[in-house]
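> So that we are looking at the same thing, I have put the structure below in structure tokens.
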Amino acid sequence: MTTKVKQTEAMELNKAEEKRQKKPRQESFSSSQKNSQRIKNTSTCPHCGKSFMRNEHLKMHLLIHTGEKPFTCLQCGRSFRCKGDLTKHTRIHTGERPYVCPECGKTFPRAHVLKSHQLLHSGVRSFSCDQCDKTFVLSSHLQRHLKIHTDRKPCLCSFCGKSVFHLKEHQKMHAAVRPHLCFHCEKSFTSAKSLKQHQMIHTGEKPYKCTLCDKRFTQSGTLKDHQRVHTGEKPYQCSSCGRNFSRSSNLQTHMRKRCRNSSLDHK
């Protein structure tokens, strides 16, 4: 009788152990089922086959293929695919600069602009010229410096009189078909955007307003250049003497004078 009891207890223990050992497998199977279900729930783009875990992410992605831009700026009419891009853009009109440099207190409209600015404070010169021993904080400064070694000089365009480094590429613009005609002066343009920009000369429209002094401009780039008068920002640096300028045109003028003066010194 005692032997039978012991056998029964042993069998029960074996069953309990088998259940315990099977449990992780069941959990593993359950996890596998969940993953399988998750794969079933993914949304796939019919255009490129890319998959998304959430349907709203797929909807946002589809705008790339459809070209739809549902978020429109009320100030200038420019449209964007993402609400975040519209928010960044509106700072051009509002003058909002939410990103503050902890070192000098300068403010910036975008995070990546602040990040580039902070490199100037770090003093880390990660970009080296392979032609000489000069080093630079920013890649853009190195690229401007390299032009000194290549001895490339701007060429004069016979069509518009502009001085450009890539003359052949630039002249393709003149050779292109210009279907967009200005009804004020009959000047033609390669794109509707260029025509719209040009027509502001005739209409006097200046959609880009400086929030600090109320001056208005026809182009956002001109407004950005102007705002540096207020902020004191000088992002364009001479790779030879280190002098900074608020506008690229001022740097180019400085470089031409410096090159001319240097050549006179050599004589």
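Heads up, the Cβ atoms here are built off N, Cα and C, so glycines get one too.
What TrEMBL says about a protein is an automatic prediction, not a curated fact.
Got these off TrEMBL a minute ago, pasting:
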| type | residues | note |
| --- | --- | --- |
| COMPBIAS | 1-26 | compositional bias 'Basic and acidic residues' |
| COMPBIAS | 27-43 | compositional bias 'Polar residues' |
| DOMAIN | 43-70 | domain 'C2H2-type' |
| DOMAIN | 71-98 | domain 'C2H2-type' |
| DOMAIN | 99-126 | domain 'C2H2-type' |
| DOMAIN | 127-154 | domain 'C2H2-type' |
| DOMAIN | 180-207 | domain 'C2H2-type' |
| DOMAIN | 208-235 | domain 'C2H2-type' |
| DOMAIN | 236-267 | domain 'C2H2-type' |
| REGION | 1-43 | region 'Disordered' |
> With helix taken as DSSP H, G or I, strand as E or B and everything else coil, how many residues of the domain 'C2H2-type' (180-207) land in each class?
12 helix, 4 strand, 12 coil
> Using DSSP, break the domain 'C2H2-type' (99-126) down into helix, strand and coil residues and give each count.
12 helix, 4 strand, 12 coil
> Which residues of the chain, 6 or more past the ends of the domain 'C2H2-type' (208-235), have a CB below 8 A from one of its CBs?
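Distal contacts: 76, 92-95, 106-107, 197, 200-201, 244-247.
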> Under an 8 Å Cβ to Cβ limit, what residues of the same chain, 6 or more beyond the ends of the domain 'C2H2-type' (99-126), are close to it?
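Same-chain contacts beyond the flanks: 88, 91-92, 135-138, 231, 233.
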